[in-house]
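Engineer: Pasting a structure below so you can have a look.
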Amino acid sequence: MVKSSNIAIHSHVRSLGLDDCGNPVEKPDAVIGQENAREAAGLIVEMVRTKRMSGRAVLISGPVGSGKTALAVGISEELGAGTPFTSMSGSEVYSNEVKKTEVLEEALRRSILVRMRELKDVYEGEVVELRIVDEENPLSSYPKRIKEMFVILKTSKESKKLKLAPSLYEQIDKQRIVNGDVVYIEVNSGVIKKLGRSEAHMNDFDLEADTYVPIPKGEVLKRKEVMQSVTLHDLDMANARPSGQDMLSLVFRILSPRKTEITERLRGDVNRMVNGYLENGNAEIVPGVLFIDEVHMLDVECFTFLHKVIESPLSPTIIFASNKGMAPIKGSDGLLGPFGITKDLLDRIVIISVKRNPDEANREIIRRRMKEEGLEMDDDAFGFFVGLSTSRSLRYCISLIPLLKTYGGCVSVRNVEEVAELFHDS
């Protein structure tokens, strides 16, 4: 079965398009045009990587369709998966269930990663024998109940027989662990992880394509250093709501469908726990990036909160985006401000200006979007299509690409004219 996936509007952007010295260069998967803005964004990326940008704010300003979000996506791609990047819109803070500042606080803590280093006792080896003993369930005739489990693990040095708790059967069954698999069992938590198939069974006939791994060396019981990466918000949620499988926990989740609001006291407990790991040298903080699009949708209360956050020592880099000039500040009784932002917050922000794309840049953007979505078009149709981006808008043209794909094959001028007549620009 072929899996289909939606193509995101900025899926063609995979980098900022900078060389090793930070100068803008043309790349087939980079942000198009906007050389000065790309160079400025490269400096932001470098400062985030070296943890010198924490607790600072940047505003990307420019007209509609000029590439503000594309620039933010380029920053995210340059930072990579190791640095958290959270994206939200200014209108997302308004809710009947949760306070505006709570939504912002949650997004901020999603953007801060904690890498915790922990020493764990683990059993690791190849499964030589797996024996499951079941018994009749006294409450019903079906299904049978797991009474006990035994497993023999082998390394290059020794073998060891282990007795496992019946509650671990679900993990074994879910991962389809059988003889010949190399597994990893944590002593304290009871987590079982299948690492792969032993290389000793590479020549066996098997319908499933397994990953083959060497037989572990040394003793079966060993102490390993495990790195775990979680955000502060993940730690908050783990402490805020029960995650057990008992009946009381399930009933609590059914009766509490509302979004859980995390208290300041709980966040303080999480911060103290993380600080303890930091003082012992068992953890490190990785400040990430929070991107807030349409920042002019926030109100005075949100701006005051963000102003305080920027001054705090534990804060990610905040990137705003706005297409407004002088605009009313929400919640201020009609007071005007640049980009709809209060002056106190604006004084602490550095601004990256994005200009309207020239026709040649629009032509290249449309070409890449067509390639990304697999649309073919003859030269006359392409010239006419690019002309629509000038007479109407670039966003309008990009929104027509999925519609033109319904014609199949190579799209002609007549096809473009038909779609343009049916669907109008705002």
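Numbers run from 1 along the shown chain.
Each Cβ is built from the backbone N, Cα and C atoms, and glycine gets one as well.
Since this is a predicted model, take the numbers as computed values, not measurements.
Swiss-Prot lists these features:
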- Gly62, Pro63, Val64, Gly65, Ser66, Gly67, Lys68, Thr69: ATP binding site (BINDING)
Engineer: Within 10 Å of its Cβ, which one of these binding-site residues (Gly62, Pro63, Gly65, Gly67) has the largest number of other Cβ atoms?
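Structural biologist: That would be Gly67, with the most Cβ atoms nearby.
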Engineer: With an 8 Å cut-off on Cβ distance to the Gly62, Pro63, Val64, Gly65, Ser66, Gly67, Lys68, Thr69 Cβ center, who else from the chain surrounds the ATP site?
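Structural biologist: Neighbours found: Asn323, Val354, Arg356.
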Engineer: Which of the listed binding-site residues (Ser66, Thr69) has the least company, meaning the fewest other Cβ atoms within 10 Å of its Cβ?
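Structural biologist: Selected from the binding-site residues Ser66, Thr69 on minimum Cβ neighbours within 10 Å: Thr69.
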Engineer: Quick one: what's DSSP say for Gly65 (ATP binding site), helix, strand or coil?
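Structural biologist: DSSP call for Gly65 (ATP binding site): coil, neither helix nor strand.
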Engineer: If you count the C-beta atoms lying within 10 Å of each candidate's C-beta, which of the binding-site residues Val64, Lys68 ends up with the smallest number?
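Structural biologist: Looking at the binding-site residues Val64, Lys68, the Cβ with the fewest others within 10 Å is that of Val64.
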